[in-house]
Amino acid sequence: MKKYDVVVIGGGHSGCEAAAAAARIGAKTLLITHSISTIGEMSCNPAIGGIAKGIVVREVDALDGLMGKVIDNASINSTILNRSKGPAVWGPRAQADRDLYRHAMQNSILNYPNLTVLEASVENFTTTDNQELPTINSVITADQEVIYTKKLILTTGTFLQGTIHIGSYNTPAGRFNEQSSVGLAKTLASYNFKLGRLRTGTPPRLDRNSINFSGLQEQKGDTPPSPFSYMSESINLPQISCYLTATNTKTHEVIKNNLHKAAASNLLKEIKAPRYCPSIEEKVRRFSERNSHQVFLEPEGLNSEIIYPNGITTSSPLDVQQTMLKTISGLENVKIVRSGYSVEYNFIDPRELYHTLETKKIRGLYCAGQINGTTGYEEAAGQGIIAGINAALSLNSNYEPFILKRNDAYIGVMIDDLVTLGTSEPYRLFTSRAEYRLRLRSDNADLRLTELGYKVSAVSYQRYLTLNRKKEEVTKLTNILKETVILPSQLSQHGVCISQDGRKRSAFDLLSNPNINMNILSKIFNQIKNYHASTIQQVEIEAKYAPYFIKQELDIQSFIAEENTHIPHDIEFSQIHGLSTEIQEKLQYMKPPSIGSARRIPGVTPAAITNILFYLRYHKNKKIL
């Protein structure tokens, strides 16, 4: 009889992080996947990170997750997006060697302490009914093997009753030539989970040797490339270029003439696709005034002959894809290695989850990744690590849930959005979703999260020591700059003019001036050069934003106060005077854990919040008396 503390179903980005996190904390963990060879597979684009997404990768890394370390072993074109803007919206991104990424992830997972991997298909799970809610008991594989578990994490990606479409052709699959998961979808439905359908897509893969790159815009990465992981010193792989081309009026004419053949225009038109990553058919239809759309030709590896054309996701028939591609500059003689396609799949309403990502209907069942309505490797990884941590912690009946708030991390923003607001289309993170993005930056994810993770045993002692060394260095340099006084005359000697009022200013305060940076200050104070480049950058960013932090602090304190005003799980909202029936039903369904969460539920009025607060205070005072 096989027994585990935690079982994770799915070996994608979410499943890998969930399994590793649970195992790291000490849970006896089993990862079940259709195929060990596809663990860590990059199903769509061969890249990690981007705007907001790159910050999530660093947050996962700060919690000792895998994604940051793995991409650093596969990065072949690294860049910081939005570099010309403020550090709060910088987006680390790395083009990956697809094979190296998969192999590095598999190497991590297959050698992880406390973690076992099983190649099987799970068709069902069972529960016990000896408590107020059904409680996870076991999973049953396709060959009827029963595996007992205390906690179960579903990270099924696009496999939950997935169907692939290419034109009028369709077949059950979660990924090209990989079977979908039908049994689990039926099991979830039997427990009355609210299931919906979403879709996503991928472009055709192209033969590199059939592309004419001359005349196309070359896109080199940063020199030197920046690593994602706080534990990585550098990127050691050769860096190669991507190339930029674009569609044109001829391309759009081919697409318009064949719109009726695209699956997304017919069979799938009622199923929502990612709003911010539309297919080329949807781009042409929605933005009819535009004559071109960018297409990024991204290599799939150092030794790969395959090119990923980012920007032309399609569900048109293969012959239409071929005709369309040949109208694009550089692709006149292109050969398709694999057709683009669209995939539709089941997801559950994420409002049926707590902030821990445990379901409200079944105790011990957690969901993470695309099953919760998100899109993207990074969003999946962020959910996976939270689900894994909480599943492992909850093995102790007196555990404190590990919940990241909106002021803690982009992961916290995402999960709060999902479980509070739900989603009717694939959810993607953006910096605009975060109220406190000045604090939620890519440079300080370790300062924000590593200690929190260490306290619950999700972070290794080695990483914790690395964090403390960094904090010491940052504090030392910050104190030096705050104690160092500079006169306007000293700055003028280095070509920097500020108000000649004779007023003494600290070097730290001067950094808030947009015309002054660490390069200038290091010419005046040589000791700055003794610090690591990352420390210098960290202190400079903190100094630049310091005046804004002061203004934002009141907002954050108000937010924290509301988040810390807990609402008992067993509260009966029907007993609160002044709440409409509609609001009572919403609150009873959502079961918000705090006043802050209740306030963010659509339709819950300020007056309702006041009534809830009055009720909580009244009963608190009653208990005291």
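Backbone N, Cα and C define each Cβ position, glycine as well.
Annotated in Swiss-Prot:
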type: BINDING; residues: G10, G11, G12, H13, S14, G15, V122, S181, Q370; note: FAD binding site
type: BINDING; residues: 273-287; note: NAD(+) binding site
type: REGION; residues: 204-226; note: region 'Disordered'
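Shown on the structure are the features that Swiss-Prot records.
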residue: G10; record: FAD binding site; Cβ within 10 Å: 32
residue: G12; record: FAD binding site; Cβ within 10 Å: 30
residue: S14; record: FAD binding site; Cβ within 10 Å: 33
residue: V122; record: FAD binding site; Cβ within 10 Å: 25
residue: R275; record: NAD(+) binding site; Cβ within 10 Å: 13
residue: C277; record: NAD(+) binding site; Cβ within 10 Å: 18
residue: S279; record: NAD(+) binding site; Cβ within 10 Å: 28
residue: K283; record: NAD(+) binding site; Cβ within 10 Å: 18
residue: F287; record: NAD(+) binding site; Cβ within 10 Å: 12
residue: Q370; record: FAD binding site; Cβ within 10 Å: 32
Whole-number Å value of the largest CA-CA distance among G10, G11, G12, H13, S14, G15, V122, S181, Q370, listed as FAD-binding: 18
Distance, S14 (FAD binding site) to C277 (NAD(+) binding site) (CA atoms, angstrom): 20
Packing count at E281 (NAD(+) binding site) (other Cβ atoms within 10 Å of its Cβ): 26
Candidate binding-site residues G10, G12, V122, pick with smallest Cα gap to R275 (NAD(+) binding site): G12
Helix, strand and coil counts within the region 'Disordered' (204-226) (DSSP): 3 helix, 6 strand, 14 coil
For S279 (NAD(+) binding site), the one of G10, G12, S14, V122, Q370 that lies nearest, given that the binding-site residues are compared by Cα: Q370
Neighbour tally for A273 (NAD(+) binding site), based on other Cβ positions within 10 Å of its Cβ: 22
Separation of alpha carbons, S14 (FAD binding site) and F287 (NAD(+) binding site) (Å): 33
Candidates A273, E281, K283, R285 (binding-site residues) - the one closest to S14 (FAD binding site) by CA: A273
Rounded inter-Cα distance in Å - K283 (NAD(+) binding site), Q370 (FAD binding site): 23
In three-state DSSP terms, the structure that E281 (NAD(+) binding site) belongs to: helix
Distance, Q370 (FAD binding site) to A273 (NAD(+) binding site) (CA atoms, angstrom): 12
